């Protein structure tokens, strides 16, 4: 993120930084055990606050200013921002709905690696070997918008998206040690599971990469769309990606993957961001009138991910107060970066 280069190069540098932060978070799998849930919940809460602040000061505020200064909307200057914001949220929501049709719910071992439900584990029966696959302290993680664990209500009843039922565990899951050979390598059908995992993570990271690319593509289009603002957005997304890398690698390690393989797939979750960032920068450079829509689209996608995934995940394991105060701290830190250094 160096001044004096084109917006596309800036976007590439910015998203390489966010990818590096994902890898740094995933590398913590070499240090932390899979039972240290408080650390992850606090980090996720902090990331949620950072992303909410970045969505407004680095994306929505420039979008509103561009729509207002264009003069083409008059009293309806809010319209392109509202449309873009709604479309961004809808993009993540629809991508989430498509995951079951791509086979993400058909293989229980995929869910087992990423969804270790504390409620199910607390009710484990010592007489049932399938209930003792993982200790109660094991992590229960979702991967962004397409994650495998989500406490929500549908028609008044709590359900968990893409949840592994107890019958799935009994019928289709072997103990974690049998998933891999003695060298920690995945079994014969694991490459399909890995492909589904990468697909889920990729869908989640596209909006973040787009946000960085659009942010750099919008530089100097309005007074609030500055290089500093785009740089701060990349820093904020990098901060958010740090616990995300850990949220991928730690459950995989607990599910029986070797430490190096857990790290590899954890850092892989950020690989799509440079591609999405370059695409976003190219799009706004070539079609400047779409800038308000593009900025608001990125903001809507990120806010939806925060509200639908990061905040519920941070609250689900009994560390809600810690996560909430960490969110406040993250918001203040990102606001200070944008206002003080923007």
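Just so it is clear, glycine is given a Cβ too, placed from its N, Cα and C backbone atoms.
Computed from a predicted structure; not experimentally measured.
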From 194-214, 215-235, 236-256, the residue range that Swiss-Prot assigns the feature transmembrane segment: 194-214
Which range of 72-92, 93-113 is transmembrane segment, per Swiss-Prot: 72-92
Range from 12-32, 44-64, 72-92, 322-342 with most C-beta pairs under 8 A to the transmembrane segment (290-307): 72-92
Long-range Cβ neighbours of the transmembrane segment (263-285) (under 8 Å; 6 or more residues past either end): 7-8, 10-12, 14-16, 18-23, 25-27, 29-30, 143, 194, 197-198, 201-202, 204-214, 216-218, 237, 241, 244-246, 248-249, 252, 257, 291, 294, 298
Sequence-remote partners of the transmembrane segment (12-32) [C-beta within less than 8 Å, at least six residues beyond its ends]: 1-2, 5, 39, 208-209, 212-213, 215-216, 230-231, 233-235, 237-239, 241-250, 253, 259, 262-263, 265-267, 269-271, 273-274, 276-278
